[in-house]
């Protein structure tokens with residue numbers, strides 16, 4: 001697993017060059033930190049009109065694979081990771097939600113509905129370890145939007161990596177604070193915050209990076225993914241069109257899976273991917289930005305509309321695990 005020691009500066013230099021040359025678009029007009037008065041869930045709401053230009057799912061011409069095309073101006077590392085050290089490439093996101101937003105892309109075409117492999121997970125975790133910097137308070141998150149209702153816009157398998165906003169504490173951080181790493185059993189469920197509306201499954205990660213390997217990551221991922229996928233069995237009668245979709249988020253501190261029922265809220269004309277389910281809300285529309293900054297409790301309702309009801313306190317057999 002050879003991730004260059006200077007990976008942070010490689011990303012930074014490539015981003016500066018791509019930004020200066022107009023190869024990517026980043027325009028953020030306003031950011032507001034707020035909190036839901038009922039659930040205490042913290043939100044960082046960013047208004048980003050530049051995202052209007054980002055293609056949505058279904059807008060890419062059939063048969064086209066934008067992530068398969070070589071784009072030297074966006075490529076940080078063309079080949080690394082995996083058994084042959086050629087399994088992945090690291091690209092800059094053409095439509096970054098924060099500066100230096102990157103994509104971990106499989107060099108061989110795989111589908112975004114495919115499960116993550118142990119190698120995918122370990123490569124992502126190693127990137128987190130290389131990029132996080134306690135001295136400068138830099139912390140990163142990897143996320144994977146899988147399935148048509150997850151907020152993913154491209155079919156070529158890719159994970160995304162972004163730096164967490166400074167001093168932003170997610171509800172997953174609070175949930176795992178002071179908790180030791182564990183794997184769920186029939187008697188011990190993954191963590192859920194009973195106050196938030198939507199189903200989510202969270203496990204604390206081990207404190208020591210050295211104890212984290214492919215097996216541990218795969219066991220964490222599979223155990224919470226299985227619980228998320230039970231919702232699709234339970235709800236198929238009610239909604240036969242439902243396609244398996246979920247968001248996965250991984251930091252050095254925790255791993256989280258959120259099952260998804262819809263990519264967009266009909267109620268509010270806003271879409272979410274993984275970032276929304278840890279409180280980072282992106283808006284393209286002025287009216288939506290005004291509404292949710294004035295009444296942040298609306299976000300809890302629309303996150304539920306696009307997810308499934310919270311099962312906190314229920315045993316697996318109570319939701320057909």
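In case you wondered, yes, glycine gets a Cβ from its N, Cα and C as well.
Per Swiss-Prot, the feature region 'Disordered' maps to 50-70.
The Cβ of residue 280 (substrate binding site) lies under 8 Å from the Cβ of 43, 44, 46, 97, 165, 168, each of which sits 6+ residues away along the same chain. In the three-state DSSP classification, residue 280 (substrate binding site) falls within a strand. What Swiss-Prot records for 54, 93, 94, 145, 151, 152, 153, 154, 160, 273, 274, 275, 280, 284 is substrate binding site, and it gives similarity to another entry as the kind of evidence.
Residues or ranges marked as phosphothreonine by Swiss-Prot: 60.
According to its DSSP assignment, residue 158 (active site, nucleophile) is in a strand. Sequence-distant contacts (6 or more apart, same chain, Cβ under 8 Å) of residue 158 (active site, nucleophile) comprise 67, 103, 104, 105, 106, 112. The active site, nucleophile annotation in Swiss-Prot covers 158.
Packing around residue 160 (substrate binding site) is summarised by its Cβ count: 22 other Cβ atoms lie within 10 angstroms of its Cβ, all protein chains included. Taken from Swiss-Prot, the feature site 'Transition state stabilizer' covers 160.
DSSP gives residue 151 (substrate binding site) a coil state; it is part of no helix or strand.
In this view, residue 151 (substrate binding site) is surrounded by 26 other Cβ atoms within 10 Å of its Cβ, with every protein chain counted.
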